[in-house]
Amino acid sequence: MDNNFKIKDLPKNERPQERLIRYGAEVLSNSELLAVILRTGTKNQNIMMLASSLIKETGGLDQLFNQSIEELTKIKGIGVTKAVQILALSELSKRFKTYKSGNEYKISTPLDVSNLVMEDMKYLKQEKLKILILNTKNIVTYIRDVFIGTLNSSIVHPREIFCEAIKKNGASIIICHNHPSGDPTPSKEDINITLRLKECGKLIGIDLLDHIIIGENKYVSMKEKGTI
């Protein structure tokens, strides 16, 4: 016998799916939208209770969408299937924000870079290095994660960075990485990596425009600091 509470076990006028059909998705709360996707609760919690507690326990949607599958499955009521559903939803959300309707994204200021990558990077538990490849009009043509782990100049090799830019016919690049501590203050290694990549870019003919360090809702631009 299946003891899991399902959406259909709720009164019809309280079912998120029915409310979505009748009133539109925009009127549903975050918990209701998550409930529509997860569909079933547990033997002790209906799906609305589970969705609400999941968002609360992880600290909100931003934090929920940056959990790993291991972290999600440690939460009571979340098995592998539900964890995978959440991760898939998270990735779709990030891709939509990054590639919104296929619109071109032009970089004019460091804030433009921050707006592009902040949601994806601000709560990461490990350091991640992204490369943004730009054309001659400073429009982002490609974004890729090139490294995950503690950054230092002996590990981050210019070859890996500029190889992507050459493949994609990039005119220039911007690199971004996060500090899991939430403090984006550049370390000595951050500065060394930046200067090394700047020099390599000059030799290759692909300019490093900036190195943005992401913290918790704040960032530091190496260009604004005068490092490059």
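Each Cβ is built from the backbone N, Cα and C atoms, and glycine gets one as well.
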Candidates Asp190, Asp207, the one Swiss-Prot lists with His177, His179 as binding Zn(2+): Asp190
Apart from its near flanks, which chain residues at least 6 from the ends of the motif 'JAMM motif' (177-190) lie with a Cβ under 8 angstroms of it? 121-122, 124-130, 147, 151-153, 211, 213-216, 218-220, 222, 225, 227
Under DSSP, the domain 'MPN' (106-228) has how many residues in helix, strand and coil? 43 helix, 36 strand, 44 coil
